[in-house]
Amino acid sequence: MSQPSISKSMTIGESGLAVVFAATAFLCVIAAAKALDAPFAFHAALSAAASVAAVFCIVNRYFERPAALPPAEINGRPNYNMGPIKFSSFMAMFWGIAGFLVGLIIASQLAWPALNFDLPWISFGRLRPLHTSAVIFAFGGNVLIATSFYVVQKSCRVRLAGDLAPWFVVVGYNFFILVAGTGYLLGVTQSKEYAEPEWYADLWLTIVWVVYLLVFLATIIKRKEPHIFVANWFYLAFIVTIAVLHLGNNPALPVSAFGSKSYVAWGGIQDAMFQWWYGHNAVGFFLTAGFLAIMYYFIPKRAERPIYSYRLSIIHFWALIFLYIWAGPHHLHYTALPDWTQTLGMTFSIMLWMPSWGGMINGLMTLSGAWDKLRTDPVLRMLVVSVAFYGMSTFEGPMMSIKVVNSLSHYTDWTIGHVHSGALGWVGFVSFGALYCLVPWAWNRKGLYSLKLVNWHFWVATLGIVLYISAMWVSGILQGLMWRAYTSLGFLEYSFIETVEAMHPFYIIRAAGGGLFLIGALIMAYNLWMTVRVGEAEVQMPVALQPAE
């Protein structure tokens, strides 16, 4: 049966988008000419070039349009849209390696400050937000977008909603990362942790994120599967809540429409409260809810076992939604924040122990009857160890929110160790495991190029994590104890520089651990590249039709 022919004319969507990008390019050229500072001029010129490239791609798409529409099904299966997933998977590995490398550089700068080289562009103050944004938002964000687009298609048994919209999301999101990252190197920042991009980058992200939400929702609405799979609940919670947090924390008043500088709309303790309501829930919904969606899809899929308890996943979801959003004030213990607010944040943080560990138990117990696979499947082992790190981090976090513990841990390297046990152990490993699954699926390969390389990656990265977090735990507790030590006369027993000197060996160990983690990521990148290049294609068998009842 022949496929329906396509009219050799641009669609309304293509025409409209081409006009919008052409107008954007024109406005960006004007903005670059009238810019009040060099970074804004650079970003305006970069945006103009990107807009022109977008127009070219849309026009080229028109000229290279095939004679017929792509089939709705291939061998009885929906013809899924894998292009945006492949793009985001590639960008995840690119930004991941870049972010890990920058992390190694700044860890080395803390151990050997001369490595700053007195150059502003590579100083610790500019590279640190570049590292956090590259790892959290560039690496983690691309993993979440790629996996969410894959999971929502497969679990709903329909092609991703929209034609250009998914591509707009993945390319637009990575352009935001490029603007934000180059801005940090040029000294453009709002000085709000995890929310450093200036006003124009925030506006662009808002547009991209709204389209992301619409694509995801539209795919769910047109689903052929009556049930909405649990992973999609967590993805939707992540997308919606991050939108609310972004809009709440980032209102800013630009000094000029042609300058990069702006002032945050909030002030004083209100700004601090908004910032850590955002900052903590960026952890809660970007780095937790989104990656729990990965856990709930990829572990059962890899283990070939159903989720241990669907009822527990429902409890886990709703408890996480209602409790996490209130826990932000524990970042502001012993500050000008009202004491009742600090106590409220501490209370909700402690309550988070229960749903977090419920989710961990659900993930681990999914392997019931398949524990032997941990010996033979390093990808599944990586996914399961990530859940163990999730449990450890979600125990340590509530414990550190208790005021008496926080009085020792706050502002010390213990917090850095806690963050990285979650970031490297939980987010890193579950992302690696997901990409090891996703790349062969998206590129239609029978399997990975080498499971031995996955095994090497697992052990090298695990050793790196253990070195990193152990060094930070010891240095953080030592730091806190030295800061609070007094002589019999009531004077500080140690000067500040003495506490810094005591940290030096631990900073060297941290850099070594980060280096091992980077080596593991490079092994992974090679393995995935070879999987795509030389991996054996998987033959898709037709789906047998179910007999009518």
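Cβ coordinates are placed from backbone N, Cα and C, and glycine is handled just like the others.
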According to Swiss-Prot, His330, His331 bind Cu cation; so which of His246, His280 is the extra one listed there?
His280
Write out, in the order they occur in the sequence, the residues of the chain not among His280, His330, His331 that have a C-beta within 8 Å of the mean position of the C-beta atoms of the recorded Cu cation site.
Trp276, Gly279, Ala327, Gly328, Pro329, Leu332, Gly345, Ser349, Ser401
C-beta crowding around His420 (heme b 1; low-spin binding site), within 10 angstroms:
23
Under 8 Å for C-beta pairs, could you tell me which stretch among 12-32, 39-59, 87-107, 279-299, 344-364 has the largest tally with the transmembrane segment (423-443)?
279-299
Using all protein chains in view, find how many other C-beta atoms are within 10 Å of the C-beta of His418 (heme b 2; high-spin binding site).
21
Would the transmembrane segment (12-32) count as touching the transmembrane segment (39-59), i.e. at least 3 C-beta pairs under 8 angstroms with sequence separation of 6+?
yes
If I take the alpha carbons of His420 (heme b 1; low-spin binding site) and His330 (Cu cation binding site), what is the distance between them in whole Å?
18
Long-range environment of the transmembrane segment (312-332) - Cβ separation under 8 angstroms, sequence gap at least 6:
230, 233-234, 237, 241, 272-273, 276-281, 284-285, 288-289, 292, 296, 341-342, 344-346, 348-349, 351-352, 354-356, 358-359, 361-362, 400-401, 406
